[in-house]
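What follows is a short report on a single structure.
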Amino acid sequence: MKRKTLTQFLIEQQRGSAALPAEVRLLIEIVARACKAIGHAVGKGALGGVLGSLESENVQGEVQKKLDVLSNEILLEANEWGGQLAAMASEEMETVHLIPTHYPKGEYLLLFDPLDGSSNIDVNVSIGTIFSVLRAPAEARGREITEQDFLQPGTQQVVAGYALYGPQTMLILTVGTGVFGFTLDRELGSWVLTQENIRIPADTKEFAINMSNMRHWAPPVRRYVEECLAGKTGPRGKDFNMRWIASMVADVHRILNRGGIFMYPWDAREPTKPGKLRLMYEANPMSMLVEQAGGASTNGLQRILDIEPAALHERVSVILGSKNEVDLVTQYHHEAG
Ligand SMILES: O=P(O)(O)OC[C@H]1O[C@](O)(COP(=O)(O)O)[C@@H](O)[C@@H]1O
Ligand SMILES: [Mg+2]
Ligand SMILES: [Mg+2]
């Protein structure tokens, strides 16, 4: 079988009905190259001195791991000089990163969670990088980009994707024409198309949630999970399985491949926060991928991609995956008022 590389795939997307702009193609190639470098560092583990924590905390008050910072630096450096970007924003940086004046600038904005699943780094469990591309507002062209320019709903994303550093290194991508999966050929160093048009089944018997927070959940989430746990003899009439990897990339990857529902809902531990996960770096790109694969994604009441962000590091409650299950949890939230 003839192998198709990421470059070939992107050129097809450029020439085809998607008419992917050349700058976006280049931008994706650069992000993919940076992910390859991160994957390489991940693979070295203790031998590369990349495990463990730093003294520093990020803007959200979370202790930074060495790999959080290294991955952030790799993505910044790789993308600074390409000429496609106006600015970048990251989970690990307090505010936006402008393209230095001596580099050419473009009209796109890149957002990323450089290393997702930080608690799994030191225990050799799958982790990843999540990214999203927006266009700078037309009126921002020619002036300095501000945080405000990034505050666009997820529906405006031009590209969304993630790299998964697991038993295989993979890149999962959408440019709005379905979801495609690439596997890194580690000998040749190239991304090879291995999954076309990924679809999430509408029904599932598998849910993913951190069960240790059960006592803090809101009633609609508790109702849904209790009904799953009741199994065959309960209201759902079937037995459910549960998975929780604690790396959103890995949990979403499983859902893209065999269905399921993923939830990180609001809970009463920190009642003023809408959720743990970040809208711009995690929820929006994953929601675009999931919707492009035929699934659904809400915050319990509203489609995540429709949320008008108010802040760069905004948090959000996330319920995504197999459409019929997400619709049911969303219905329970509406019923609860
Ligand atoms: O440890 P918990 O509370 O189960 O949270 C796990 C969740 O936190 C995250 O690790 C947050 O991402 P970061 O590692 O980028 O902070 C998600 O990937 C994952 O779904
Ligand atoms: Mg994350
Ligand atoms: Mg992270």
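Glycine residues also receive a Cβ, built from the backbone N, Cα and C atoms like all the rest.
Within Glu270, Glu282, Glu291, the residue that TrEMBL lists together with Asp113, Asp116 for binding Mg(2+) 2 is Glu282. Lys276 is the residue from Lys232, Lys238, Lys273, Lys276 that TrEMBL records in the substrate site together with Asp116, Gly117, Ser118, Ser119, Asn210. Mg(2+) 1 binds Asp113, Leu115 as TrEMBL records it, and from the list Glu91, Glu92, Glu94 the residue named for this site is Glu91.
Counting residues per DSSP class in helix, strand and coil order gives 59 helix, 23 strand, 52 coil for the domain 'Fructose-1-6-bisphosphatase class 1 C-terminal' (200-333). The Cβ of Gly117 (substrate binding site) lies under 8 Å from the Cβ of Val125, Ser126, Ile127, Gly128, Ile245, Ala246, Ser247, Met248, Val249, Ala250, each on the same chain and at least six residues away in sequence. Around the Cβ of Ser118 (substrate binding site), the same chain contributes Glu62, Lys65, Leu67, Asp68, Ile127, each under 8 angstroms and 6 or more positions distant in sequence. Comparing Glu282 (Mg(2+) 2 binding site) with Asp113 (Mg(2+) 1 binding site), their Cα atoms are 7 Å apart once rounded. For Asn210 (substrate binding site), the same-chain residues lying six or more positions away in sequence with a CB closer than 8 A to its CB are Trp244, Ala246, Tyr264. Counting every protein chain shown, the number of other Cβ atoms lying within 10 Å of the Cβ of Asp113 (Mg(2+) 1 binding site) is 28.
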